[in-house]
Amino acid sequence: LQAMSGNEQDWLALRPQEPSPSQCCGGGCKPCIYDVYEKELAQWERAKAKQDKSLLMEKQEQSNNSVLNPDTFTAFSVSSVEQLTEDTYQYKFELPGNSSLRLSLGQHIVLRGVVNGLEVQRAYTPISPGNAEGYFDVLIKCYEAGLMSEYIRTWRKGDVVFWRGPFGGFPYQPNKHGELLMLASGTGLAPMLPILQSITDDEEDETFVTLVGCFPTFDKIYLKPLLQDLARYWNIRIFYVLSQETSLEKLPWSYQENTYTGRLNEDLMKTIINSCRRRPFVLICGSSAFNEDMTRYLKAAGIEENSCFVF
């Protein structure tokens, strides 16, 4: 009998843990962490019924082969940390050999962090091209009181962190839309960059793009050199809307003609849409308040919901 209870304890120790609400990133991932838990629980129940622990092994095998997987977290190593603004960083992760994450455009991946014994999950969109070999880059804004931010701030080169995915994304097809209008607030820039880069890399793709980047101040615009490079293409225009700048005089002259001060409001939205060369299809990414405001202004400007995609 004694052996039996020891065995029971062994099996209980192997039982998957139910996720806490903080572990769900709320991004609508398929599978969600709760789906993964249900699947692991069913696997555990099958193994326990057959008293065969080898049936649990498939879970462990997936985690170190550095292939991204929606069901399992995979370990990736931080290869560099670059501070872009006072609270925003670009992290580069190593991929073995010349492998690539092979993300579709604008797809996000989910990070798992443990802070004070509490597990947290958040979704981020890699900004590197989907076919980048040997690495991927993620743009992350750290918040003063954020649990995940507290964990991310400790990262140094060589640290190992866990990601799963990919999820979501925008089903972009070259030349399907005459013009894309991208409305991005802060790190909402992230899903726009792979799409922009795929357009500029493809000589056959003649889609016009108008990117509107909303930031508090000029200093807080991320990735300026990359954006300046993209703006040199004949079919790409980039505007900046700086909510906390009051005048353009201190800005470099190359920025003055395509920058607005104040907020992106209904009037400015109409001005931008009227300047588009074709009727735009709109991509939106920012905070939920930003996304709601933009959707409202677009509607007022006569852009229907079926011509918008919100990340």
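Positions of Cβ are set from backbone N, Cα and C atoms, glycine also.
Mapped onto DSSP helix, strand and coil, the domain 'FAD-binding FR-type' (71-173) counts 6 helix, 50 strand, 47 coil. The domain 'FAD-binding FR-type' annotation in TrEMBL covers 71-173.
As annotated by TrEMBL, FAD binding site applies to Arg122, Tyr124, Leu139, Lys141, Met148, Ser149. Note on Tyr124 (FAD binding site): other Cβ atoms within 10 Å of its Cβ, all shown chains, come to 23.
Neighbour density for Ser149 (FAD binding site): within 10 A of its CB lie 18 other CB atoms from the protein chains shown.
Other than the site residues Arg122, Tyr124, Leu139, Lys141, Met148, Ser149, same-chain residues with C-beta atoms no more than 8 angstroms from the centre of those residues' C-beta atoms, the FAD site, are Leu111, Ile140, Cys142, Tyr143, Gly146, Ile152, Thr187.
Looking at the domain 'FAD-binding FR-type' (71-173) alone, the prediction's average pLDDT is 88.
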